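A.B. asks: Mind having a look at this structure? Questions to follow.
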Amino acid sequence: MKITIIGTGYVGLVTGACLAELGNDVFCLDVDSKKIEILNNGGIPIHEPGLEEIVARNRAAGRIRFSTDVEASVAHGDVQFIAVGTPPDEDGSADLQYVLAAARNIGKYMNAFKVVVDKSTVPVGTADRVAAALQSELTARGSDANFSVVSNPEFLKEGAAVEDFMRPDRIVIGCDNSPQGEKARGMMKKLYTPFNRNHERTYWMDVRSAEFTKYAANAMLATRISFMNELANLADHVGADIEAVRHGIGSDPRIGHSFLYAGCGYGGSCFPKDVQALERTAQDYGLNLLILQAVEAVNARQKQVLGNKILQRFEQNLKGRHFAIWGLAFKPNTDDMRAASSRVLLGELLRNGATVAVYDPVSMEEAKRVFALDFADTPELLSSIRFATSPMDALDGADALAIVTEWKAFRSPDFDQVKARLKQAIIFDGRNLFEPGVMTEIGIEYHGIGRSVLTRK
Ligand code: UDX
């Protein structure tokens, strides 16, 4: 099928590449000519396992192309995916200006029936606004071309996005019941046929429910994490081990094991933004989502948990202290540092007068960019950061190591070397990578999340 993808960010690029891999003829549009140039030169602007190979293969086969030409992009696809960013506004609601601009562009140039798919995560009711924006352009130029707006939210995890796209748990598609909606349903069904061969994975529903499903899924997952983080903090006080508790409750099939890991808070482009946007939508209707407000507040507090533990351990005085941080990305297998807990910890350490050496297997360049912004007003803090060349290099002379991201490369370090390099053998582990008992045996003072019972003397 002929597909256009508007927006070659993380979601758009993965969607375009995977649809090309399935044999479709894909046209990817972006307003950012630099991005398009990189893609046309065989580069990939993001780090996502497997993506580069798929893009290269399909580019060579002529099944995917990249362009800034809006008119050509509208002419190309019978199905037009809108996969542009929806950054949070000042008030936490999703900013729809890019989504609506994409809709207007389609309206400006389309001459035949188009299925317009909202792939970006957009508040409930956005499809109607997309339809209105597009229709106003058609009306302005007296065109009677018609279209249908469909909601097809993505459930891609960064670092596993290609796998998630190719082997989805579920595909959610919302269409309306108009004749155009029925036509769109047929086209979407055809497009997703390869995923439904063995068993049906598509959940068909109305447009608003599909839009809502995406927020509900992310809000539920964020809730589980904040809930476990809150319990972990209590576990530290009452002398229970949150990891034992996690196994104990996760074995109940009604609860299940996944997304119950206590840690130093969730980050990324989705959970923080989507939780806020859902709260904001509720407020528009005069409702307060009390649970989600708490989820957000608990997460903000949890991002400070490592800094607080460090401050407490060093008697609230970090002047002249030096620390190592392993892991800067908001999670492993990505260079994404949006809402990453590392940024909160780093700020806390630096503002308290410490110097810090940081290391991440992939996001060092992104870290340099992000920290320059975070500390734009305090250049003296920026100059107290050393960008290390390896995990071990980061440790030299540090009073303690703090682990923020659970990269595989950090899971089984040479502890003799760790001890030798650190000035003091102390680890603050924000992702509970190690067994507290083992650490004590090795001679490392260990502070996990919700596990202090195991290291208490
Ligand atoms: C998430 C959803 O999982 C995905 O379905 C949606 O499409 C986009 O948002 P992503 O943001 O890529 O994906 O990351 P995810 O793997 O879900 O992790 C989010 C954050 O939660 C990370 O910071 C991670 O460290 C944290 N997390 C996750 C925990 O703290 N504990 C857990 O048990 C799981």
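Note: Cβ is positioned from N, Cα and C throughout, glycine not excepted.
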A.B. asks: Going by TrEMBL, Phe155, Leu156, Lys157, Glu158, Phe259, Leu260, Tyr261, Ala262, Gly263, Gly267, Lys331 bind substrate; tell me which of Lys108, Lys114, Lys214, Lys408 is listed for that site too.
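C.D. replies: For substrate, TrEMBL names Phe155, Leu156, Lys157, Glu158, Phe259, Leu260, Tyr261, Ala262, Gly263, Gly267, Lys331; of Lys108, Lys114, Lys214, Lys408, the listed one is Lys214.
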A.B. asks: Record says Asp30, Lys35, Thr86, Thr121, Glu158, Lys273 bind NAD(+). Source is TrEMBL. Which of Arg208, Arg224, Arg321, Arg338 does it list for that same site?
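C.D. replies: It is Arg338, as the record lists it for that site.
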A.B. asks: When a 10 Å sphere is centred on the Cβ of Leu260 (substrate binding site), how many other Cβ atoms does it contain?
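C.D. replies: Cβ-Cβ neighbours of Leu260 (substrate binding site) within 10 Å number 19.
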A.B. asks: For the binding-site residues Asp30, Thr86, Lys273, Arg338, which residues place their CB under 6 A from an atom of ligand 1?
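C.D. replies: With ligand 1 as the reference and 6 Å as the Cβ limit, the list is empty: none.
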A.B. asks: Whose Cβ, among the binding-site residues Lys35, Lys157, Lys214, Arg338, has more other Cβ atoms within 10 Å than any of the rest?
C.D. replies: Lys214
A.B. asks: The domain 'UDP-glucose/GDP-mannose dehydrogenase C-terminal' (324-436): mean pLDDT?
C.D. replies: 97
A.B. asks: So if I draw a 10 Å sphere around the Cβ of Lys273 (NAD(+) binding site), how many other Cβ atoms end up inside it?
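C.D. replies: Excluding its own Cβ, the number within 10 Å is 20.
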A.B. asks: Which residue among the recorded positions Ala262, Cys270 has the fewest other Cβ atoms within 10 Å of its Cβ, if you could check?
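C.D. replies: If we count Cβ atoms within 10 Å for the recorded positions Ala262, Cys270, the smallest count is at Cys270.
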